[in-house]
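Trainee: For reference, the structure I am asking about is given below.
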Amino acid sequence: MQSWSRVYCSLAKRGHFNRISHGLQGLSAVPLRTYADQLIDADVTVIGSGPGGYVAAIKAAQLGFKTVCVEKNETLGGTCLNVGCIPSKALLNNSHYYHMAHGKDFASRGIEMSEVRLNLDKMMEQKSTAVKALTGGIAHLFKQNKVIHVNGYGKITGKNQVTATKVDGGTQVVDTKNILIATGSEVTPFPGITIDEDTIVSSTGALSLKKVPEKMVVIGAGVIGVELGSVWQRLGADVTAVEFLGHVGGIGIDMEISKNFQRILQKQGFKFKLNTKVTGATKKSDGKIDVSIEAASGGKAEVITCDVLLVCIGRRPFTKNLGLEELGIELDPRGRIPVNTRFQTKIPNIYAIGDVVAGPMLAHKAEDEGIICVEGMAGGAVHIDYNCVPSVIYTHPEVAWVGKSEEQLKEEGIEYKVGKFPFAANSRAKTNADTDGMVKILGQKSTDRVLGAHILGPGAGEMVNEAALALEYGASCEDIARVCHAHPTLSEAFREANLAASFGKSINF
């Protein structure tokens, strides 16, 4: 990827883009007009500034393309930076510290406090400070890389034109060689339940509650549900998650890991009702909410009363008023934009990436697609191995995985072997008094090649990147087992699990 950057930056400086046979059609550099003009000419126009959009815009500019990024919100960064990944991680981290201090954890380490008090306003302030710094950072990167930022609601008004409607009703027209749709996703509504972001909230409202609820019900025990539910459970709420499926952690999680994960969360005080569906919710005169539930297969109805109801049943692609219908670009049955392997829609110069196309709705997946997509516009190779895209649940302990689960391997009829290592036998986890969880490695029986890695425990979100690298390069379990890992570190558990998978036995367990 770096070599492509050097080649195209060099060509851009020498004005040779029009000689690239696979590049943008008619890509001679065109001077960009200022904001005061009615029209902007560009080579690439990105609609959306979330992880996929802003990264794609910067990469396009670095490749020498005249780039515009249209964003409907006042701040850059999309859902992830403003009301998703970033603020939730701030609350997850700080609520974990509070939980340690308020419970017996600190005392067991010899740290004694006479009084531990939660200042929720201060916690929210720290979250907002982090968000502001990062969104401002994107604005700085745009300026540094000469990406033109247009604040307005972007609509494709022609195969070579985007019109941004601003808050004041004014419009900015961009004539562009290529268009990249990176508009992300929005919260999936629950039929019959109206979200007011006050007491019936989506993930957005759950990040900004004014006080800790006495009782909270979470609809959905997937990634977002367990993350946000655990935040408020740690801060003192009585939290119950109602999940239609028979496990926690969402789609893709290994079932053995999921069961252990659920057990640990329950030990912390998080409650679950699995194989259960929500049939409705009613606000009472005292402000509380009655949530009606019953077994997923049907059965006796039950009512749970709560102060706050959090709806976390997933997200759906955001393609509203993009102008796709007028262009003849149809959506698939799940509302996604169909694209080919180069991320092109049925109109070759209109591309789409991230949550609006097929695949997991992950920020890092969108970032990778954004980079690869614009490199493809410039004539570069386009390839992503989606089997090597990791997933992380940022609770404590964390859960992370990449590659195949045991259930997937069984379904596909692939013969495999398993290597496991518990954090209870890891010296660093022991010294940290943080020993819940394990590392589980799945290797191909005939070749020893790593097929999947599943981690439940401290630092899982960092450790999984070593596993992703191993899968990307087709490493064997023995390859990893023979790599010297620093001692004492948590990642030694990853090596030990690969020892167990390759040789049938780990050293320290």
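Every residue, even glycine, has its Cβ placed from backbone N, Cα and C.
According to Swiss-Prot:
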ACT_SITE  HIS487  active site, proton acceptor
BINDING   71-80, LYS89, GLY154, 183-185, ASP355, 361-364  FAD binding site
BINDING   GLY220, ALA221, GLY222, VAL223, ILE224, GLY225, VAL226, GLU227, GLU243, VAL278, GLY314  NAD(+) binding site
DISULFID  CYS80-CYS85  disulfide bond
MOD_RES   LYS104  N6-succinyllysine
MOD_RES   LYS132  N6-succinyllysine
MOD_RES   LYS132  N6-acetyllysine
MOD_RES   LYS143  N6-succinyllysine
MOD_RES   LYS273  N6-succinyllysine
MOD_RES   LYS277  N6-succinyllysine
MOD_RES   SER297  phosphoserine
MOD_RES   LYS410  N6-succinyllysine
MOD_RES   LYS417  N6-acetyllysine
MOD_RES   LYS420  N6-acetyllysine
MOD_RES   SER502  phosphoserine
MOD_RES   LYS505  N6-acetyllysine
TRANSIT   1-35  transit peptide
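Give me the local environment of each listed feature.
Mentor: Secondary structure at HIS487 (active site, proton acceptor), as computed by DSSP, is coil. Taking Cβ-Cβ distances under 8 Å and a sequence gap of 6 or more within the same chain, the neighbours of HIS487 (active site, proton acceptor) are SER427.
Note on ALA363 (FAD binding site): other Cβ atoms within 10 Å of its Cβ, all shown chains, come to 21. Mapped onto three states, the DSSP output places ALA363 (FAD binding site) in helix.
The Cβ of GLY222 (NAD(+) binding site) lies under 8 Å from the Cβ of GLU243, VAL248, GLY249, GLY250, ILE251, CYS312, GLY314, each on the same chain and at least six residues away in sequence.
Neighbour list (CYS80 (FAD binding site), Cβ cut-off 8 Å, at least 6 residues apart, same chain): GLY50, PRO51, ILE86, ALA363. Taken residue by residue with DSSP, CYS80 (FAD binding site) is part of a helix.
Summarising the environment of LYS104 (N6-succinyllysine), the number of other Cβ atoms within 10 Å of its Cβ, over all protein chains shown, is 8. According to its DSSP assignment, LYS104 (N6-succinyllysine) is coil.
Listed in sequence order, the residues of the same chain lying 6 or more apart from LYS132 (N6-succinyllysine) and placing their CB within less than 8 Å of its CB: none are present.
LYS132 (N6-succinyllysine) falls within a helix when secondary structure is assigned with DSSP.
In the three-state DSSP classification, LYS143 (N6-succinyllysine) falls within a helix.
Following the DSSP three-state reduction, the secondary structure of LYS273 (N6-succinyllysine) is strand. In this view, LYS273 (N6-succinyllysine) is surrounded by 17 other Cβ atoms within 10 Å of its Cβ, with every protein chain counted.
If you take the C-beta of LYS277 (N6-succinyllysine) and look for same-chain residues 6 or more apart in sequence within under 8 angstroms, you find VAL242, PHE244, ILE293, GLU294, ALA295, ALA296.
All protein chains shown were included, and the count of other CB atoms within 10 Å of the CB of SER297 (phosphoserine) stands at 8.
Counting only same-chain residues six or more apart in sequence, none has a Cβ lying under 8 angstroms from the Cβ of LYS410 (N6-succinyllysine).
DSSP assigns LYS417 (N6-acetyllysine) to a strand segment in the three-state reduction. Every protein chain shown contributes to the tally, and the Cβ of LYS417 (N6-acetyllysine) ends up with 17 other Cβ atoms within 10 Å.
The Cβ of SER502 (phosphoserine) lies under 8 Å from the Cβ of GLY419, GLY443, ASP448, SER476, CYS477, GLU478, ALA481, each of these being in the same chain and 6 or more residues away along the sequence.
The Cβ of LYS505 (N6-acetyllysine) lies under 8 Å from the Cβ of LEU499, each on the same chain and at least six residues away in sequence.
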Trainee: With a 10 Å radius around each C-beta, find which of these recorded positions (CYS85, ILE224, VAL226) has the fewest other C-beta atoms nearby.
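Mentor: Ranked by other Cβ atoms within 10 Å, the recorded positions CYS85, ILE224, VAL226 bottom out at CYS85.
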Trainee: Measure the Cβ-based neighbour count of THR183 (FAD binding site), defined as the other Cβ atoms within 10 Å of its Cβ.
Mentor: 28
Trainee: Given the modified residues LYS143, LYS420, which one's Cβ is surrounded by the fewest other Cβ atoms within 10 Å?
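Mentor: Counting other Cβ atoms within 10 Å of each of the modified residues LYS143, LYS420, the minimum falls on LYS143.
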Trainee: DSSP secondary structure for CYS85 (disulfide bond), reduced to helix/strand/coil, please.
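Mentor: CYS85 (disulfide bond) sits in a helix per DSSP.
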Trainee: Which one is it: of the recorded positions CYS85, THR183, VAL226, ASP355, whose Cα lies the shortest distance from the Cα of LYS420 (N6-acetyllysine)?
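Mentor: Of all the candidates listed, VAL226 is nearest in space.
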Trainee: Tell me the Cβ contacts of GLU71 (FAD binding site) under 8 Å, same chain only and six or more apart in sequence, or just say none.
Mentor: GLY48, SER49, GLY53, GLY78, HIS149, VAL150, ASN151, GLY152, GLY154
